[in-house]
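Down below is the structure, laid out as structure tokens.
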Amino acid sequence: LQRVNLSTVSEFVLVGLSDAPEVRFLLFVLFLIIYLATVAGNITILVAISTDTRLHNPMYFFLGNLSLLDILCPTITVLKMLEALLLENKVISFTGCMLQLFFFIDVVGTEIFLLAVMAYDRYVAICHPLQYMNIVSMKLCAHLAVGTWVVGFFNSLLHTSLIFTLFFCDSNEVDQYYCDIPPMLAISCSPTYSRELVILTVTGVLGSSAFVVTLISYICILLAILCMNSSESRHKAFSTCGSHLTVVCIFYGTTICTYVRPSSTYSPNQDRIVSMLYGILTPLLNPIIYSLRNKEVISALRRVISQVRTALTR
């Protein structure tokens, strides 16, 4: 039987951030504001969707799932980054690093599949409006949502097991602000070719498939918009779909560029910027792009605020 390599490293040091005190404080304030805004925005969406029965339909069901993922994604990485910036505690245990990588890949993978499902939902709603309720039933929505979470879980389980059965001996310094696949491969002293091949294949097939489904759905939507008679309707639909597609392309593009490539091309400085785009910026933009520009969501939030004010004045 092949013996599994056990790491001699009991902890890792996250060295992907500046050591200059004045820079650390500015970064701490900046990322704290972004994190709080992200959490507040997505919690607001969840409250609006859960309390207003008029939003209990497939589109908002998927948006609720997206908001939950967008709360979890920065929470997994940014809280540890804030601790490192404020307290200079850059150390993370072996188990902590493994769990951080697992949950991060789980959430990112789930969001990749969820965005594809949401694009298909919008395609059916716009291109086949009369059959929409028959095609996209709440039962199908539940199955699709559960499917995205399950696939994300097993995808992450595979990648985590591939990374943390490697042997770490020469260095425990992770050149990133959180534990991720490329920097972990970079510091391993085990042969990584076979694992990289599996990661590239699985990530490439799953990520590319989800992206193709999303892209085809939006192409069909844009073609349907072009057939609309009203120029005002076309402008509104183009504005909405254009915003959605921009965020989707940023998310897919940055995640595919991060994980679908050999470790020999790993660039710490470039990867930190790219990872912030899909790990921090996208969760901040999603509630604005998908929900807070939506009149139904705004109306629901106003009703919630009105109910809270009424309750407080009694």
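Cβ coordinates are placed from backbone N, Cα and C, and glycine is handled just like the others.
Going by TrEMBL, these are the annotated features:
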- 25-48: transmembrane segment (TRANSMEM)
- 41-290: domain 'G-protein coupled receptors family 1 profile' (DOMAIN)
- 60-79: transmembrane segment (TRANSMEM)
- 99-120: transmembrane segment (TRANSMEM)
- 140-168: transmembrane segment (TRANSMEM)
- 197-225: transmembrane segment (TRANSMEM)
- 237-261: transmembrane segment (TRANSMEM)
- 273-292: transmembrane segment (TRANSMEM)
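Note: the stretches the transmembrane segment (273-292) and the transmembrane segment (25-48) are in contact (3+ CB pairs below 8 A, sequence gap of 6 or more).
In this chain, the transmembrane segment (197-225) lies apart from the transmembrane segment (25-48): fewer than three C-beta pairs between them fall below 8 angstroms, excluding pairs fewer than 6 positions apart. The transmembrane segment (140-168) shares more Cβ pairs under 8 Å with 99-120 than with any other stretch in the list 25-48, 99-120, 237-261.
Averaged across the domain 'G-protein coupled receptors family 1 profile' (41-290), pLDDT for the predicted model comes to 87.
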